[in-house]
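Okay, structure first, notes after.
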Amino acid sequence: MEQWLEWARGPLFKFAFAVMVLGLFRHLLLAVAGTVQALLRAGDTKIPYKVVFRTTLDWLFPVKKMNVNRPVYSVISVIFHVGLILTPIFLLPHIQLWERGLSIRWPAIPHVLADMLTLITIAATVALLIGRLGHIYARGISRIQDILLPPLLMVPFITGFLAMHPAWNPVDYNAVMLIHVLSANLIFILIPFTKLGHIILLPATQLVSEVGWHFPAESGDDVAVALKKENMPI
Amino acid sequence: MIRVRFVKGILWFLVGLAAAVTIFRFLKGLGTVTALTDTTPWGLWIGFDVLGGVALAAGGFVIAATVYIFHLKKYEPILRPAVLTACLGYAAVVGGLMFDIGIPWNIWRPMFFWQEHSALFEVAWCVMLYFTVLQLEFLPVILEKFKHPLSQTAYKILKFFTLPLVILGIMLSTLHQSSLGTLFLIMPHRLHPLWYSPIIPLHFFVSAIGLGLTMVITESLVSSWIYKKHLEKDLLSGLAKAAAIVLWAYAAIKVADLAATGKLHYLFAGTWESNLFLFELLISAILPAALFSSAKARQSTGGLAAGAGLAVFGFVLNRIAVSGLATISATQTDYFPSWTEFAISIGIVSAAGLAFFFLVENFYVYDEPRAEKRDKYEIVSPDPVGGIRLHWSSLADARLYSLLFVVALALGIALMPNIVTGVTPERIEVEKARRVDAFRSKSDASPLYLYALYNPDEHDNPEAGEVAEMLLIDGDRNNKFVLFDHGTHEKNNGGPESCGMCHHMNKPLDKATSCYECHTDMFLTTDTFQHEYHREKLKEQGGCVKCHKDPAEPKTRETATACGECHKNMRVPNSFVKVEEADQTGIAPGYMNVMHKLCIECHKQKQEEKVELAPDLARCAACHQGLDESMLMVVEPYPQPQSMSLLTQR
């Protein structure tokens with residue numbers, strides 16, 4: 001068991017983390033290249049970049065959008081994101097692992113706060129899943145990954161909590177730790193290949209859709225006319 | 001085009017793997033990614049990348065000579081691909097050298113600091129000049145595509161100088177191919193007699209011509225297979241016919257050379273080297289030459305592929321043998337390349353392959369560019385993450401290749417050992433001091449004692465000194481030791497009560513804890529606190545809660561009970577052991593630092609106190625005396641464990 005654990009948080013972790021970082025970087029480059037191509041292809045010079053930039057920022061911090069459609073769902077979503085991002089990065093044992101491996105460290109959050117954030121995140125995940133499956137329209141537009149990813153995201157939080165509180169842990173410490181590390185590695189690997197990619201792609205995709213939004217209406221037909229390709233399949 | 005995409009995908013993956021190694025090669029140095037040693041400083045990178053790469057690039061000057069010097073104009077269609085292969089081959093050699101040269105940014109030095117007596121000097125200049133010439137020879141292919149007047153002028157100038165460039169290229173590669181052999185003239189004692197020869201430059205040159213011809217055949221076969229294009233079979237069979245002559249000549253020169261120097265008996269000696277040599281000669285020269293001598297085999301794709309493949313493999317093996325395999329019997333050192341060395345070698349070749357594909361697809365290397373014709377109005381596929389339909393057509397391949405590249409890069413980083421990716425160097429475990437019999441004598445020159453390991457034959461004169469029990473301190477077991485007169489030190493410091501002056505007293509009822517128990521590494525800092533040991537010891541007394549008292553707190557070093565609560569009076573007053581109180585839960589310095597500090601500080605103090613008695617007490621030689629080669633012979637083999645009673649356990 002311990003050798004598996006060593007492997008999971010040694011080479012496997014390095015692979016998963018590298019796939020995440022490099023994969024996200026790759027996405028960013030491709031997204032930028034694709035946007036540039038789309039712009040060149042449209043040949044449109046009337047894109048209001050200031051508006052695009054501001055709305056993109058608005059979406060990054062969705063305070064204004066929270067009360068629009070499903071306010072409770074929106075609030076839970078924000079809480080979920082806060083716990084999901086803060087807890088793993090600022091947990092003391094995680095920082096100590098970075099320090100052991102690469103001699104880098106940063107301030108940690110108090111242990112009690114980490115505990116609270118963990119429980120809140122788990123609760124928020126459950127709530128989000130209920131909100132998605134319980135709402136008829138939300139269920140209608142859900143893909144398989146939308147339903148499977150939240151439970152997967154919960155696994156490292158639950159196992160991490162059990163590992164930190166041995167008294168509540170019904171099974172072997174190393175087993176819990178192995179599940180913790182393996183599930184986290186799986187998430188790292190999945191990030192560049194699923195909707196989790198919005199970690200870095202959100203600004204980029206937001207920009208793309210905003211740019212697309214501002215293309216003139218019926219502009220596709222104009223292009224077809226210019227190319228003398230009217231009434232031909234695109 | 002699925003074939004092209006498949007091959008390119010694999011190449012991008014291999015380049016990604018090499019990229020990972022590249023990061024650590026230049027970040028952490030040669031030693032972290034190679035299996036090279038001082039006795040085997042030339043490994044796979046020199047054998048394959050440099051010697052092999054240069055030989056594989058010989059097709060350029062061979063075909064250039066055929067077309068421009070011998071005016072065999074029918075070979076013109078394969079001139080550009082041959083020059084391109086040569087140019088990329090040399091680029092790969094230069095790239096490989098960057099990895100292999102310990103300090104690659106000094107590569108410019110041969111240009112300004114001339115060592116006319118060095119064979120490497122000639123090699124360096126020839127590589128630089130010929131690489132330049134090859135680029136100038138190929139540049140028109142790129143320039144002709146651009147309509148800019150400047151580009152057109154440059155194209156015309158280069159075209160005008162084609163013949164001088166070709167002649168220069170042939171001269172330089174003749175010099176260079178053979179001077180790589182010249183390198184080995186200075187190591188007759190290193191190279192096995194079967195490979196060593198005073199005319200090894202000639203061997204290298206003739207084999208390069210043969211390899212150049214077969215390499216052009218190989219490259220044409222591969223390229224026409226990948227792009228499903230027509231194969232210029234009549235041209236290739238013409239080359240094969242020439243190759244047959246050259247390869248027969250090469251084999252004849254080799255055997256005649258052995259006969260002339262009286263080395264024929266090595267050939268069938270049945271040793272590992274003789275078998276390797278026969279195998280190499282068979283597949284590099286005799287088999288392909290025999291195959292190419294038959295007109296029927298020359299006309300068939302299978303015959304061409306088999307002959308050229310054998311020759312290419314055989315000659316690369318020859319270069320690897322000369323630079324490495326044939327030196328093993330002389331140096332008696334095992335060397336097998338690490339996976340990282342293979343990754344770099346394969347990665348460089350893959351990168352050259354990708355460059356070849358790019359140039360072939362976008363320029364007139366063959367009669368026309370071989371790129372896929374895309375439908376301008378094809379329906380674009382949606383982006384898998386964003387779901388947006390961007391115009392991806394020219395990025396569609398980039399998505400696949402970059403994915404493979406990224407995964408390979410991550411895999412390479414993951415496969416690197418912790419010692420390379422992390423900050424922790426390798427541990428050197430420290431072991432306990434051993435008790436030995438030593439001979440203690442006084443010299444007239446110094447007031448200090450002289451110590452030596454006790455040898456009954458040598459130290460039989462009781463008047464010269466006395467035999468005493470001492471500690472042999474050699475923490476990393478590297479045969480460099482200090483004989484420590486424990487008894488005298490104890491006596492001089494005040495008898496049995498003085499243990500605490502030099503020792504920690506960590507264990508309850510303990511008088512002296514051995515240094516190696518906490519200073520477990522020779523040079524690195526280590527944990528003072530051995531968690532596993534304590535957990536085992538405290539099992540009966542309540543386990544974890546004995547130290548981690550508050551179950552609500554995380555179980556870290558900071559929240560644990562201080563060591564001093566259990567281990568009281570760990571140091572006596574006036575102890576020479578200097579420890580910060582906080583350090584007891586923290587980091588123990590390396591063994592050697594601690595031993596030096598503890599001994600030297602006390603010695604310095606005593607030296608100042610008794611200037612007339614011990615003026616040299618604080619010098620290195622006071623403890624490290626007479627540790628010459630003969631002393632090291634005495635300690636080998638080490639005393640067996642049962643004969644050692646350990647002073648530390650008293």
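Placed from the backbone N, Cα and C atoms, the Cβ positions cover glycine too.
These features come from TrEMBL:
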| type | residues | note |
| --- | --- | --- |
| DOMAIN | B:478-567 | domain 'Class III cytochrome C' |
| TRANSMEM | B:9-27 | transmembrane segment |
| TRANSMEM | B:42-70 | transmembrane segment |
| TRANSMEM | B:82-107 | transmembrane segment |
| TRANSMEM | B:119-143 | transmembrane segment |
| TRANSMEM | B:155-175 | transmembrane segment |
| TRANSMEM | B:195-217 | transmembrane segment |
| TRANSMEM | B:238-256 | transmembrane segment |
| TRANSMEM | B:276-295 | transmembrane segment |
| TRANSMEM | B:302-322 | transmembrane segment |
| TRANSMEM | B:342-366 | transmembrane segment |
| TRANSMEM | B:400-420 | transmembrane segment |
Averaged pLDDT score, the domain 'Class III cytochrome C' (B:478-567): 78
The transmembrane segment (B:302-322) vs the transmembrane segment (B:238-256): 3 or more CB pairs under 8 Å: yes
The transmembrane segment (B:342-366) in contact with the transmembrane segment (B:155-175), cutoff 8 A, at least 3 CB pairs, sep 6+: no
Considering the transmembrane segment (B:155-175), which listed stretch of B:42-70, B:82-107, B:195-217, B:238-256 counts the most C-beta pairs under 8 Å: B:42-70
Recorded stretches the transmembrane segment (B:195-217) and the transmembrane segment (B:9-27) touching, at least 3 CB pairs under 8 Å: no
Residues in the domain 'Class III cytochrome C' (B:478-567) grouped by DSSP into helix, strand and remaining coil: 32 helix, 8 strand, 50 coil
Close approaches to the transmembrane segment (B:276-295) from elsewhere in its chain (Cβ under 8 angstroms; 6 or more beyond its ends): 192, 194-195, 207, 210, 214, 237, 240-241, 243-244, 247-248, 250-251, 254, 266-267, 303, 306-308, 310-311, 313-315, 317-318, 321, 325-326
Selected stretch (most C-beta pairs under 8 A with the transmembrane segment (B:400-420)) from B:9-27, B:42-70, B:82-107, B:119-143: B:9-27
Tertiary contacts of the transmembrane segment (B:119-143), as residues 6+ beyond its ends and Cβ separation under 8 Å: 54, 57, 60, 64, 80, 83-84, 86-87, 90-91, 93-94, 97, 110-111, 151-152, 154-155, 158-159, 161-162, 165-166, 168-169, 172-173, 175-176, 179-180, 182-183, 185-186, 359, 363-365
Same-chain residues at least 6 beyond the ends of the transmembrane segment (B:82-107) whose Cβ lies under 8 Å from its Cβ atoms: 22, 25-26, 30, 45-46, 49-50, 53-54, 56-64, 127, 130-131, 134-135, 137-138, 141, 215-216, 219, 344-345, 348-349, 351-352, 355-356, 359-360, 365
